[in-house]
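Let me begin by presenting the structure, written as C-alpha cells, before commenting on it.
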Amino acid sequence: MVVVGILLAYLAGWVLEWRWLAVLGCAPPSLMLLFMCVMPETPRFLLTQHRRQEAMAALRFLWGSEQGWEDPPIGAEQSFRLALLRQPAIYKPFIIGVSLMAFQQLSGVNAIMFYAETIFEEAKFKDSSLASVVVGVIQVLFTAVAALIMDRAGRRLLLVLSGVVMVFSTSAFGTYFKLTQGGPGNSSHVALSGPVSTEPVDASVGLAWLAVGSMCLFIAGFAVGWGPIPWLLMSEIFPLHVKGVATGVCVLTNWLMAFLVTKEFSSLMEVLRPYGAFWLASAFCIFSVLFTLFCVPETKGKTLEQITAHFEGR
C-alpha cells in the first residue's frame, strides 16, 4: 500500500502542475483526520490501561466479535526502562532493528531516486517526466512479488538476494559514472547533466541505457527485500513490553539516516566523485548482506516466544 500510494503521487505529479499537486496532497491527511475520529484505541493498549470494557468494544468493532482473542501475557504492561537493555532478548533485536533501518537508507536508494529523471533524459527517453512513474510501477510490481513469496521463501533469503542485486546494480551505476566522467570536473551536477567524455553520442546513449538498466534492477531488488522486510521484521522481533519504544527508535533511525543521506550525498559526490559515491553505496550493500547472514534470524512461521527464546540462546 505504501508503494501504491507513492505511484499514485508520481502519476499525479506527471499530469498536474505543482501547485495543484500540493492542493491534492491535502486530501489524504484530511481524510485520515476524519477517519481517526471514529477509530478506537487498540485492544491491547486499552487492556494495559485496565480499561477492559473499552477493549472488548474495540475488539467487536475491529473483528466483529471477541472470539479468538487472548489477553496479553503478564508483564506485557511493563513500561520500557534502560535497564532492560541488559537482557539479550531486548538488546539483540534492538541492534538488529536499528541496523536494518540504517542499512536500508545507506544502500543508496534515495540517491538512485534523485537522479532517475536525469538518467532517463541521457538515455534519450521520449518523455523523461515518465521516469518517476516507471520507477513507481517497478516498485509496486516487485513489492507485490515480495508480499506473495515472503512467507514461503523466508525473510533472510529475500534480504540476501535483494542485497546481492543491489551490490551489482550500484556497482554498475558507479561504473557508468566512471566511464562517462572523462574530465576532472568536481561537480556532481555537471557529471549528471551531460557526459563530459569525448565518446561519440551513440556510445554515451548506450552507456546511459546501462544506467537505466542498473537503476531498474536496483529498484526491483530493493522492492523485493530491503524495501519492505526491515519494516516487517521490526514488527516481529520485539517483545510486547518494549515494542512501542523500540519501534519508535527504529523509525527515528530510518528517518535520521534518510535525512543525512539526502543532505550529504551531493557533498559526498564532490569528494568521492559520483562513481566513488555509488561504489561506497555498493560497499554498504555488501555489509548489509553479511549482517543478514550472520546476525538476522529467520522469523518465518515462528511465534514471538520462539523468537525471544532464540535471542536468549534457549
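Using the three backbone atoms N, Cα and C, a Cβ is placed for every residue, glycine included.
Those TrEMBL annotations? Automatic predictions, nothing curated.
Sequence annotations record features per position, and here TrEMBL assigns domain 'Major facilitator superfamily (MFS) profile' to 1-300.
Annotated transmembrane segment per TrEMBL: 20-39 (among others), in sequence order.
For 94-116 (among others), the entry in TrEMBL reads transmembrane segment.
As annotated by TrEMBL, transmembrane segment applies to 128-150 (among others). Nonlocal intrachain contacts for the transmembrane segment (128-150), taken as residues 6+ away from its ends with a CB within less than 8 angstroms of a stretch CB, comprise 3-4, 6-7, 10-11, 13-14, 113, 116-121, 158, 215-216, 219-221, 223-225, 227-229, 232, 300.
Taken from TrEMBL, the feature transmembrane segment covers 157-177 (among others). Within the chain, the transmembrane segment (157-177) has long-range Cβ neighbours (under 8 A, six or more residues past its boundaries) at 107-108, 112, 146, 149-150, 191, 207-208, 210-211, 213-215, 217-218, 220-222, 224-227, 229, 273-279, 281-282, 285-286, 288-289, 292-293, 296.
Residues 3, 96-97, 100-101, 103-104, 107-109, 112, 116, 119-120, 122-125, 134-135, 138-139, 141-143, 145-147, 150, 155, 158-166, 168-170, 172-173, 175-176, 179-180, 195, 199, 254, 288, 296, 299 of the same chain lie 6 or more positions beyond the ends of the transmembrane segment (207-233) yet place their CB under 8 Å from a CB of it. Residues or ranges marked as transmembrane segment in TrEMBL: 207-233 (among others).
Here TrEMBL flags 245-262 (among others) as transmembrane segment. Residues 80, 90, 93-94, 97-98, 100-102, 104-106, 108, 110-111, 230, 234-235, 238 of the same chain lie 6 or more positions beyond the ends of the transmembrane segment (245-262) yet place their CB under 8 Å from a CB of it.
Residues or ranges marked as transmembrane segment by TrEMBL: 274-296 (among others).
Predicted-model confidence for the domain 'Major facilitator superfamily (MFS) profile' (1-300) is 82, expressed as mean pLDDT.
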